[in-house]
Every structure is written in structure tokens, then in C-alpha cells.
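Heads up, the thing below is written out as C-alpha cells.
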């Protein structure tokens with residue numbers, strides 16, 4: 001099927017009717033909490049993959065959680081340095097939008113990466129709640145079971161999102177008007193295969209798993225508190241807390257899928273806030289609920305401080 005490249009000008013993309021100061025204030029506020037989330041995610045990745053790798057590498061939950069961390073980090077980087085900055089800083093729109101007036105590979109790669117990460121977030125949610133449920137249902141064989149399943153789960157999280165992204169990959173990805181700036185959209189090459197359809201299927205499937213698995217986990221924790229180790233119990237409560245943030249995403253996605261009149265500016269902002277809570281919240285919740293991660297982070301900071309002081313003392317002694 002042949003396609004003709006679409007060319008847009010900045011006047012058709014940029015809307016001058018939005019208050020610049022108000023839009024900039026929205027970006028400043030969102031960039032602040034997204035930056036906190038990005039710092040927490042990078043810190044977690046450093047602890048899990050580098051500084052305390054021996055402790056976490058054999059824990060199947062943290063292997064699954066790594067995928068969530070990478071996906072969230074991708075989304076946070078995209079939002080801070082591209083998505084939100086060009087949406088909420090309208091004064092940039094006339095200059096920057098000219099670079100994206102025609103479909104480009106760069107824009108397509110960004111859009112695919114962003115939405116791949118969103119699919120991974122939903123899929124990792126499914127596997128994490130399954131992991132916690134199996135921990136309380138079969139504590140004796142849980143480790144052996146997930147040692148076999150985790151590589152398969154990791155492969156699924158990497159590959160399955162492309163089942164919902166293939167239409168983007170063959171379509172024209174363009175800049176589109178969003179508030180006073182611009183965002184990224186696409187012209188469907190295959191009309192029925194919309195991204196929102198595939199995302200809704202994935203999110204609603206994850207919602208079903210989340211409700212069932214979290215309910216079972218919560219119930220069994222009350223019954224088997226003596227048979228579940230404290231660290232596993234802590235991870236169960238972590239998973240339950242992350243699931244609560246996912247419910248916000250599922251709720252807004254379900255509203256968009258079923259209510260055509262709800263697609264207003266306020267609802268779009270509410271959807272962004274729901275995704276932000278899910279993206280930022282997972283790392284913050286993990287730090288708040290996991291004592292070992294907190295101690296690892298603070299101990300590494302203390303080591304750096306001691307190193308700086310020691311080096312300073314050596315330098316002083318040398319010059320004396």
C-alpha cells in the first residue's frame with residue numbers, strides 16, 4: 001500500500017490561544033516530580049544491577065521489576081526532555097515543530113520506544129502480581145518455579161509489545177497539535193488496528209490479573225503470615241501498593257475507551273497524572289517498603305562521603 005508523506009506547517013500545529021505562563025508552570029511542576037522519579041529509578045537500577053547485584057540477582061521479583069524500571073526510565077526521559085517540554089512550553093513550538101513538519105525516522109523511533117515502554121509496564125504488572133500470588137500459594141516450590149518462568153517472562157515482555165506496535169511501524173508518525181505546543185501522533189496505515197485498541201486490551205488484561213492476584217495475595221498473607229518470610233511479605237505489600245497506582249491508569253484508560261464525550265483537556269491531564277503516578281510511584285514505593293534498598297542507597301552515599309573526606313585529608317597531609 002503506497003503512502004504520501006504529509007507535510008505540516010507550524011501554524012497548523014501550534015495553538016497561540018493558550019496562556020504561556022500557565023503552560024510553563026505546568027511543565028515546571030511536572031518536570032520536578034518526574035525528575036525525582038527519574039533519580040529514584042536510576043538509583044534503583046544502580047543498586048540492583050551494580051552495587052548490590054549479588055543480593056538481588058537470584059530474586060525473581062526483582063528480575064521482573066528490572067523490566068518495569070527500564071520501561072519507567074524510558075518514559076520519564078521521554079516526558080522530561082521531549083514530550084512535556086514541547087507540549088507545555090508553547091514558545092518553542094514555532095521553531096522546533098518545523099523539524100517535524102514531515103514524518104521522520106527519529107520521530108517514529110521515539111514514538112515506538114515510548115509505547116513499547118507502556119506495554120512493558122502493563123506486562124510487568126501482570127508478571128509481578130502473579131509472582132507475589134505464587135509466593136503465598138506455594139511458598140515451598142516458589143523459587144524453583146520462577147527460576148524456570150522468569151526467562152520466559154522476560155522474553156515475552158520484550159517481544160509481545162510489538163503485537164500492538166506493528167501498525168505504528170508501518171504508518172506515518174507526525175507532530176500534532178496538543179494544547180499550546182505539539183505532541184506525536186500517527187496516521188493509521190491499517191484503520192482498524194489503532195494503538196488505543198491494543199493498549200486497552202493490554203491494560204484491561206493486566207487489570208483483571210491485578211484484581212484477582214492481589215485479592216488472593218492479600219487474603220493468603222493474612223492466613224499464612226508465619227510461613228511467608230518477612231522479605232517476601234514486604235515484597236507482597238510493595239506489589240499491592242504498585243497495583244493501586246496501576247488501577248488509576250486502568251481507570252482513565254477505561255474512561256477513554258467507553259466515553260467519547262470525556263476526551264477533554266482536563267481528562268487528558270488526568271490521564272497524564274495517572275500514568276505519572278504509576279511511573280514515578282513504583283520506584284518510590286519500592287524505596288519506602290524495602291529496608292534493604294534504603295540501606296543500600298544510604299550506605300553508598302556514606303561511602304562516597306567518606307571517600308571524599310579521606311581524599312581531602314590525604315591531599316592536605318601531602319601539602320603539609
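Every residue, even glycine, has its Cβ placed from backbone N, Cα and C.
As recorded in Swiss-Prot:
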TRANSMEM  25-45  transmembrane segment
TRANSMEM  80-100  transmembrane segment
TRANSMEM  155-175  transmembrane segment
TRANSMEM  192-212  transmembrane segment
TRANSMEM  237-257  transmembrane segment
TRANSMEM  268-288  transmembrane segment
- Message: Using a cut-off of under 8 Å between C-beta atoms, tell me which stretch among 80-100, 155-175, 237-257, 268-288 contacts the transmembrane segment (25-45) the most.
- Response: 268-288
- Item | Intrachain neighbours beyond the transmembrane segment (237-257), with Cβ under 8 angstroms and 6 or more residues off its ends | 61, 122, 125, 128-129, 131-132, 196, 199-200, 203-204, 206-207, 210, 214, 217-218, 263, 267, 270-271, 274-275, 277-278, 281-282, 285-286, 289-290
